[in-house]
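A.B. asks: I'd like to ask you about the structure that follows.
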Amino acid sequence: MLSLIKLPRVFTIHQVPKVFHEDSIISGYRHPRSSATDCILSLFQLTNETLNIWTHFLPTWYFLWKLLTVVLMRDVWSDSFTWPLLVFLMSCCVYPLASSCAHTFSTMSTRARHICFFFDYGALSLYSLGSAITYSAYVIPDKWVNSLFHQYYIPIAVVNTVICTALACYSRLGLPYIQYNHHSIKRFSECKSPKFGKFLRILAFALPYLFDNIPLFYRLYLCVGEGCTDNDTNALHHTHIALAFLTAFLFATHLPERLAPGSFDYIGHSHQLFHVFGIIGTHFQMEAIEQDMVTRRPWLLTYSLPITFTNTLGAALLSVTLSLGIIFLFSLPLLWSATRGEHTEKTQSHPIAKGCQYH
Ligand SMILES: [Zn+2]
């Protein structure tokens, strides 16, 4: 029966257009005009994307299970103190799911690839906001509770998600209709100066991460005296931070494949490790958040800012709406050309490596 299913063939880096190239990955590329069925079939075939997909698809179910546990075990409808945790867990389901979908369908076309990763960036910025909402509710040290910083922390985090999504989308192609349009889909930054595009993307995710963690960094590394919330949860927070920095290091350096190009094409390249350590980091972050939530609950309910719909689900919904608007703006020239330029793309369906301006 299995022999009736013909798995699509894979290609080397020299056989696919430059936009699909991954640093120091030589083989295992899927066809750059794969059908949706081929993309789904590739889940069960070893390509250089297979483990990228599974390392985020399986954790989606783990976080979904955690979310359902919270919904079923806690009184989430009347206990607003649980809402920040709900938002965080929802963002923990969305970001690996968006990522695994992006990695699955990114080889359907050049345009699909860009749009897929725009959604991936939007989901990551939502996760960043989810973290900020829980930090404001459960993690912020006693000393900073009700401070001016605390009052403006979530509004600034919402603004950061807009900046993060826009900057990450910009890092792929530049500005829609100004630097790319339906006539020319040039890989603005990553082609002309690949390091600049990568730098912008790292900046797009590092900025909100560093901002969101200001209260935690203060609590763990700078605070002295009373009100520092020096409790047992700090060990979990330290583990999460160490894993977050390891994740960023892997993303930025492309190690280990840069040391031996071609040796880690299928198993063990930096993007897979980036996914795995990112998820383990999120797991420890979730454990820390839940522990702070439970142990600090009585004190926080008495002294902290009230938890409302506005500063939890409302902020998340606003952020999702704004991010989707940004993704739509960046995708519009690609969507428009997808119908107008269908013929052009079909005539170029052979997997032949070309320069950046292959459209
Ligand atoms: Zn990824």
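Note: Cβ is positioned from N, Cα and C throughout, glycine not excepted.
Among the features that TrEMBL reports, Zn(2+) binding site is placed at HIS103, HIS271, HIS275. For 53-73, 85-105, 117-140, 152-178, 199-218, 238-255, 313-336, the entry in TrEMBL reads transmembrane segment.
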A.B. asks: Mind checking which residues of the chain, 6+ beyond the ends of the transmembrane segment (53-73), have their Cβ under 8 Å from one of its Cβ atoms?
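C.D. replies: Cβ under 8 Å, 6 or more out: 42-43, 82, 85-86, 89-90, 92-93, 96-97, 99-100, 103-104, 272, 275-276, 279, 282-283, 286.
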A.B. asks: Given the Zn(2+) site residues HIS103, HIS271, HIS275, which other residues of that chain have a Cβ within 8 Å of the mean position of their Cβ atoms, reported in sequence order?
C.D. replies: GLU49, LEU51, ASN52, ILE53, THR55, HIS56, SER99, GLN272, PHE274
A.B. asks: As a test: from 85-105, 117-140, 238-255, pick the stretch that has the greatest number of Cβ pairs under 8 Å with the transmembrane segment (313-336).
C.D. replies: 117-140
A.B. asks: Need the DSSP three-state call for HIS271 (Zn(2+) binding site) to compare against my parser.
C.D. replies: helix
A.B. asks: Do any residues of this chain, six or more beyond the ends of the transmembrane segment (85-105), have a C-beta under 8 angstroms from a C-beta of it, and if so which?
C.D. replies: 36, 39-40, 42-43, 49, 52-54, 56-57, 59-60, 63-64, 66-67, 70-71, 76, 112, 116-117, 119-120, 122-124, 126-127, 129-131, 133-134, 138, 275, 279, 282, 286, 289-290, 293, 312-313, 315-316
A.B. asks: So which one is it: of the binding-site residues HIS103, HIS271, HIS275, which has the fewest other Cβ atoms within 10 Å?
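C.D. replies: HIS271, out of the binding-site residues HIS103, HIS271, HIS275, has the fewest neighbouring Cβ atoms within 10 Å.
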